[in-house]
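As given in TrEMBL:
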type     : residues  : note
SIGNAL   : 1-20      : signal peptide
DOMAIN   : 28-279    : domain 'Endonuclease/exonuclease/phosphatase'
ACT_SITE : E103      : active site
ACT_SITE : H158      : active site
DISULFID : C197-C234 : disulfide bond
Amino acid sequence: MRSSFLLLLTFLLGVTDIQAGSDFRVCAFNTQHFGESKSQKSDVMQTLVKIITRCDVCLLQEVRDSKGKALKLLLEHLKRYDTKHEYKAVASERLGRSETYQEQYVFVYRTDTVTVADQYQYPDDKPGDIDAFSREPFVVRFRAPKTAIKEFVLIPQHTTPANTTKELDALYDVLQHVKKMWKTENVMLLGDFNAGCGYLAKKNRKRVRLITDQNLFWLIQENTDTTVRSSTSCSYDRIVVNGETFHRAILPSSAKPFNFQVEYRLTEEQVTALLVSDHYPVEVLLKVVDSRGLDGGTSITSGNQFIALFVLSHVAFQILTR
Ligand SMILES: *[C@@H]1O[C@H](CO)[C@@H](O)[C@H](O)[C@H]1NC(C)=O
């Protein structure tokens, strides 16, 4: 009897271990023209804030906020909505080939779990690599002590659909440059790569080093739908990690689109979801270390969970010894 009780306790501990404090979430969201107009719509902002506060770090793309008002408003909303955490943002310059159409990359992050260690704007014209991108990556190095990886670099990219193949291949040069510059292998590339449907032809993929390099792990699979419209099913938004070490620091099978339409019961008919964006965010969980500094991936973090576990094992004990 006692041995089965111990077995059950071990099992319960295991279950709790998986569920407790296991999340450090990195997200990438194409907000489809986030600017003043969207920031004035309270239900759109409410949904955006709910989405962003799920993440420890959230990359926003297609931020079109020429006066800087929308981002400021977003941060105020975040503060009001989530009082348990504090959020900051680090934003790129406005990027784009034409004066009239520009976008910013913005990383919103929780200040209690993440700090910005460094940032780097990939230049417009690099010798031998003349203006490959419409929106050159705004690369940020983050420190996140509670994760197993501790420190990592995020390379964002929102490709131009017509140039997807070329831009994805050029992203490989950015990766090599960043690895050398900061002497790290722990790099993640993420964003709306337009890496699906008609924009990335199958026959071109063997020319894309970001795809062919065996050291890169594409976490969002090709058949995944990252688009809101039911009439489309394309894996535009992707997350790619460089190297075994970083790959091992990812919670297996955690990379996925976040279907906020279903999660928040928004309907396409009322276009509520589409008012927010035509993309789903994509996200991935990094393993966390517990307070004793063990790389367990997870730990019992709250007293409540401990009490729940205690009650559960007590009940189990009663049943087993009856
Ligand atoms: C595609 O890339 C070329 C440069 O390589 C650029 O001249 C062109 O404007 C790009 N197309 C779009 C739609 O941005």
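Numbers here mean position along the shown chain, with the first residue as 1.
Cβ atoms here come from the backbone N, Cα and C positions, even for glycine.
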**Message:** Going by Cα-Cα distance, which of the recorded positions (E103, C197, C234) sits nearest to H158 (active site)?
**Reply:** E103
**Message:** Check the DSSP secondary structure of E103 (active site), expressed as helix, strand or coil.
**Reply:** strand
**Message:** By the count of other Cβ atoms within 10 Å, pick out the sparsest of the recorded positions E103, H158, C197, C234.
**Reply:** C197
**Prompt:** Three-state secondary structure of C234 (disulfide bond) from DSSP?
**Reply:** coil
**Request:** Determine, to the nearest whole angstrom, how far the Cα atom of E103 (active site) is from the Cα atom of C234 (disulfide bond).
**Result:** 22
**Request:** Could you please provide the mean pLDDT value for the domain 'Endonuclease/exonuclease/phosphatase' (28-279)?
**Result:** 95
